[in-house]
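Student: Below is one structure. I have some questions about it.
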C-alpha cells in the first residue's frame, strides 16, 4: 500500500486509462498528497479519489455500497445517476453556504451586515459582484481545512464538458458585464473631474439684465467681515543701532517706530525737502519721552544709517526667497483674501477693493504738498465705522477692542469708514470696480454724457451769446465754460490756504497762469496756459481761441496783479449751478467724459484702415487713445527703465532683421533650385521658405509697431482716460467690428470692470 504512494501522476493516469478494473486497487494516499493533487487538477483528483480506499469509515462504507450497485441492472444505473446528481447538489449547497458564512462573518467583523447579494448586480461601493469562479479560493480553503470532507465521485466526460461549457458561459455573461460597467465608470471619471470645477465656478452676476433699485437705494442686504488692520510694530534687533550726535541712543518703542518710517525713506528725494523734514521732526517729537525730547533737538544730528541698511537687507532677503517661501506667503495672502476680501450683497458674493487698513507712515502727498512728512497715525478699531444691513452678522472687532459705530445705511455704498488725521478727510473701504454698484455708476456716467450729446449744440450757442453779455459775471462764466468744453479743463475746487497743494482748475486760474499772444507761430489769438493741474502735474498748452474769447480775457486781466484771480466773479458753486440749469446731472466731469468719448470715436473712424492687420489696428487704437489723453492732460514722467527697455527692443528688432535677411537668401536659393530641378519636392521647399519669410516679416512689423507705440506713449498715461473717461462700449464695438481680440485692448482687471459693456454691445454701437 505504501508503494502505491510512490506512483507519480502520469503513471496513475495511464493505469486508469488502460484498464477500468484498476479502479478497486488497494491503494491509499495520505491526506496531504490527496489535497495537493486536488489543487492541481480538480477533475482528475475527483476521479482518483473515487477509486481510493479511504482511511475514514464513512468513505469505506460508501465505496462498498457503490461496488454493489455496479453489478445491478439498468434501473440500478439510473438510480446511481440520480443519487450522484443529488450528491452533487448537496455538496454545492454546502459550499455556497460556507462561502456565504465566511462573507457574513467578515462583514460582521467590519461592523455592518450587508443585504443578500443579487446575482450579477454591482455592489453599492462600486465594485462588481464576483462570478462563480471567484468563489473557488473559498472552496479550496474549505477543502483543505475540513478533514472530514468526503471524497468526490467520478464525473463522466459529458458532465465535465457540460461544466466547462457552463463555466465559459458564466465567464462571458457575468465577467464581461461588470467589466463593461467598470470601464464605463472609469471613462466617466475624467468627465466628472472636468465638470467639477465648472460647478464650483461662480456664475458671473449679470446685474445689467435685472431691474434697477428705486432711486437712492444701493442694496437690500450687506454682510462682510470688516477690515484687516496693519500688523503691530516689531521692535528692531539689538544689533541695529540709532545714533544721535555720534553716540548710540536707545529709543522708546513709539519713537523707534516713527524713526523707522524716516529710515525707510532715507534714500528718497522726500527726505531732502525742508518741509518734509520739518513736519516729520515736529510729529516725531510728539511720540518721544521727555528724556528723548530733551536729548534729540536737531534732526541733522540723527543717524538712521543702520536702520536704513537693515530694511534694505530685509528687502533684498525677500527678493532672494525660495519658491517654497514665496508660495507660502502667497497662500497666506489668498487665505486672507478669501476671508476678508469678499462681501455678500443681495445674495451675491462681491469682491472688496481695499479691505486692508493702510499702515502708519509718513504722509507724502502730491506735488509740493504743505503737509508732507507728517505722521499718519495707526488706525485702531475704535476709529472704525462699520456699515452693514440690520439682519446681517456684524463683524467682530479684534479681541479687547470695539468699533466706533455700527450703521445700517443702504443709501451709501461703503462698507467701512474712518477719518484720517492729516487732512481730516474720510476714508472708505469700497467694493471692487467690477462690482454691481461700481458698474452701475459707470454706466450711468456714460449715459449722462450721451444725453449731453443731444443738447451740446444748444449749450454752445448759449455760451457764445453770453460772451457779449453786459454782466461781467455772465461773461466770465461763459468763457470758463468754453475752456471746460474745448480744453476739457477741470472746474477746480475751492481750497483752504495751506491745507493742500497749490493745484489749479478752470475757476481758480490766476492772471499769472496765462499769457495772451495776438499772433504766435502763424496763428492768431493764441492763449498760452501754464499752471499746476491735478496731482501737481503741469498743464502747458498753446491754444488758438475765438476772437471774442481773446478780447474778454484781455478785459478780465485789466488792472490785476499776477496773483489775482482771472475769473474774480466766478467760483465752482456758481458754475455747477449754471450747468445743472442747462441739463440735469451736468457737471464739468460730464463735459470731459463727453469730449473724451466723442474724440475716441472720431479718431478711431479716421485712423482705422480696413486692410490693416491686428497689430496695426492696435497701434491705431492707441493713437486714438493718446489723442484723448492729451486732451485731458493725462501726462506722466517717462519710466526710469524707458531707455533700457527701448534698447532691448531695438536689439530684438535688429536680430529679427538679420533673421529675415537670412530667410530671404534661403528663399532665393530655393527658387533657383526649383527652376533647375522642376520637381514637387523643391516646390514644397520654396513654399516652406516663403511661409518662413512671411512669418518673420510679421514678427518684425509687430516689434517695430511696439517700438513706435512705446516712444509715442513715454510721457502720456493712456490708462486714466481708458478707465475713467472713455465709454467702453465704443472700444468693444470697434473690437467686434474689426476682429481685434478684446484682450489686446483691455487687461483682465479692465475686462472685469467693463463686463457689462462687453456683454451688451454689438459692433454698430454709436456713442
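The first residue you see is number 1, and the count goes up from there.
The backbone N, Cα and C atoms fix where each Cβ goes, glycine too.
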Student: Looking at 92, 153, 174, 438, which is the one Swiss-Prot tags with N6-acetyllysine?
Tutor: 174
Student: For which of the residue intervals 490-495, 496-501, 502-507 does Swiss-Prot record region 'Interaction with DNA'?
Tutor: 490-495
Student: In this structure, which of the recorded positions 282, 338, 551 has the fewest other Cβ atoms within 10 Å of its Cβ?
Tutor: 338
Student: Whole-number answer please: how many Å between the C-alpha atoms of residue 551 (SUMO2 cross-link) and residue 725 (active site, O-(3'-phospho-DNA)-tyrosine intermediate)?
Tutor: 32
Student: In sequence order, what residues of the same chain, 6+ apart, have a Cβ less than 8 Å from the Cβ of residue 702 (SUMO2 cross-link)?
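Tutor: Counting only residues 6 or more apart in sequence, the Cβ neighbours of residue 702 (SUMO2 cross-link) under 8 Å are 615.
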Student: Which ones in the same chain are close to residue 725 (active site, O-(3'-phospho-DNA)-tyrosine intermediate), with CB under 8 Å and 6+ residues apart in sequence?
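Tutor: In sequence order, the residues whose Cβ lies under 8 Å from that of residue 725 (active site, O-(3'-phospho-DNA)-tyrosine intermediate) (at least 6 apart) are 592, 593, 596, 597, 628, 632.
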Student: What three-state class does DSSP give residue 508 (phosphoserine)?
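Tutor: DSSP assigns residue 508 (phosphoserine) to coil.
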Student: Under DSSP, is residue 338 (SUMO2 cross-link) part of a helix or a strand, or is it coil?
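Tutor: In three-state terms, residue 338 (SUMO2 cross-link) counts as helix.
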Student: What recorded positions among 282, 338, 508 are found with a C-alpha within 10 angstroms of that of residue 644 (SUMO2 cross-link)?
Tutor: none
Student: Other Cβ atoms within 10 Å is the metric here; tell me which of the recorded positions 508, 644 scores highest.
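Tutor: Selected residue: 508.
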